[in-house]
């Protein structure tokens, strides 16, 4: 009987009692990770404090030295006492084994449960048991997930490094073998004494011969001298300092650098290149990467500019060989890390591109902070060490004359500074390794490119939009860059010209970084033979190397002469030709005269010495006024439509701001009362009234204006052709019959712009 009862009991236990007990065990195991550890008050001396590193560039610490920090501790103030509460028990470190929880009241139940669980591993499993077994403690599942994740991550990193080695090794060598026949003849580069790897990369870039600035500066830089290089825009200044930097990197033992990174230390970059604008920094990065693309092993080049992730840039700087950046973001990253600023003090090259802009008075304070941080005196146990002693300083720009930075408008002395005065100005701003750096000026007579033709269009102040549209229509298949002095002008001109069905792209400093890069990419990716127009502020004036820009139009007279030089330098780059047109209003005559006098003073002086009467440097562009007057109605309609859209957006933003401010103050907001109170007849009242009229324009009125404009754009402008006798030879009849697009009916050669490109 005993045996039968025991068998019956076991059957009952297996069918009825096992599942509740199993739930109980699993419930207990499930509840253990959720249970919070008891907190306890500990003494401050028993905590694991660690010292805080204070940045070296911290000017005034005011006694904040020897700081220490601790993590995972709550600070509670109890009256006048401060208590430190931690959740980590002290016995947790000492006893690593299982904790003794006492004897269980039913010790056999756990063994039975374990036995049943062992049996339940057979294929036939009840549904309830499957569900219960899938439920595991969160802590255990988390640990199980973390371990394979870390292992996979390590495997990916190792495989990635192996793949990179293969890619930069064998595949790069194969690519080099395949592309040797496609390269250009680089025999003229041989006198510069470059390595075979660099010569091969130059051949793949198809640069047959060095430019004047490259031939003059590369040997001096390779010899270890500090160099100040001056050359016209588009003369290849980027490779003038990029080639020696890569040569130096190739000569340095790469195994030492890889070992240093493997030990967890921050890598010391070989070169730091400073740029005034983000677009120029990204362009410099691309040019150096293109130079290194043909090498078997290439340096890691990274750009540090605003508008992108700071944390990602910090990670890139720790392994970078060549750093290109703007002063603001670069100083933000360097000043936050003591290791980075110490590593950057060991750079071999400091390059300042567009130095006249970076070193101008009242601008780029961060650049000054970077120079001081690199030259900061360190006091060690062994003695005093000055950082950055061994580095070369390379300075490049198209304009070094300090007099070109003076404003053209207003009263004041407009005398030109000499080369010696400009050099003294640079010596004050930068600390060169040599007492007097090598000053190389390959075009001392003129700052303008040789293939550039300059023209001026005189018009009324209120007709600039009309003449700008006329000039753009006269270049239907050319890539045009329009410069303005203000962001508001870019925002106004872009929608107006878009209403006139022109492919217009905007670029200014208040756009987010991705939008700025997208605008430059869209402008550069336009097909040759198709019109592409970029309206930009001076952010696009310096350094941007966009091939195929045929015409540069200055909507406003630049504020300074050096801005005009760099704006005009976006065209006629290298050996190509280009056209720079200045739209001048009557009130801009005085600044224009000063501009021409400053930019072409050296060329005029040289002409007088030779006994010549002095040539005309800026030609007057005579447009056909009849054709311009026929375009007036188009421009007026497009301007009304664009102004209405902008006024509604602007007033909507102002209303939102005023309404939000009124809500924060707890005041009732009534826009009509504010408008009545703000009505005045003083300066600016006319502009306010026009904005109000544009805002009150209804959708039906805007649609009517768009319909009128569409009808006008569908018709061609008659350039003097008798429409009764259209086949007299002045009209392309085949083009009309085939439906070819065009804005003019008749020939447009006599408009006064094209002959400038052919004049000498």
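Every residue, even glycine, has its Cβ placed from backbone N, Cα and C.
Pulled from Swiss-Prot, these are the features on record:
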REGION    1-43  region 'Disordered'
REGION    88-167  region 'Disordered'
COMPBIAS  93-107  compositional bias 'Acidic residues'
COMPBIAS  125-136  compositional bias 'Low complexity'
COMPBIAS  137-161  compositional bias 'Basic and acidic residues'
MOTIF     187-215  motif 'Q motif'
DOMAIN    218-418  domain 'Helicase ATP-binding'
BINDING   231, 232, 233, 234, 235, 236, 237, 238  ATP binding site
MOTIF     353-356  motif 'DEAD box'
DOMAIN    451-616  domain 'Helicase C-terminal'
REGION    676-699  region 'Disordered'
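The record gives 231, 232, 233, 234, 235, 236, 237, 238 for ATP. Within 8 Å of the mean position of their Cβ atoms, the other Cβ atoms in that chain belong to 211, 213, 398, 569, 573.
Cβ atoms under 8 Å from those of the motif 'Q motif' (187-215) belong to residues 176, 179-180, 222, 229, 231, 235-237, 239-240, 243, 246-247, 250, 290-296, 440, 442-443, 574 of the same chain, restricted to positions at least 6 beyond its ends. Of all the binding-site residues listed (234, 236), 234 sits in the most crowded Cβ setting, with the most other Cβ atoms within 10 Å. Sorting each residue of the motif 'DEAD box' (353-356) by its DSSP state yields 2 helix, 1 strand, 1 coil. Mean model confidence of the domain 'Helicase ATP-binding' (218-418) amounts to 83 (pLDDT, 0 to 100 scale). When DSSP labels each residue, the motif 'Q motif' (187-215) comes out as 20 helix, 0 strand, 9 coil, counted as helix, strand and coil in that order. Cβ environment of residue 237 (ATP binding site): 213, 229, 231, 353, 396 lie under 8 Å away, each six or more residues apart in the same chain. Under a cutoff of 8 A between CB atoms, and with a sequence separation of 6+ in the same chain, the neighbours of residue 233 (ATP binding site) are 398, 449, 565, 566, 568, 569, 570, 573.
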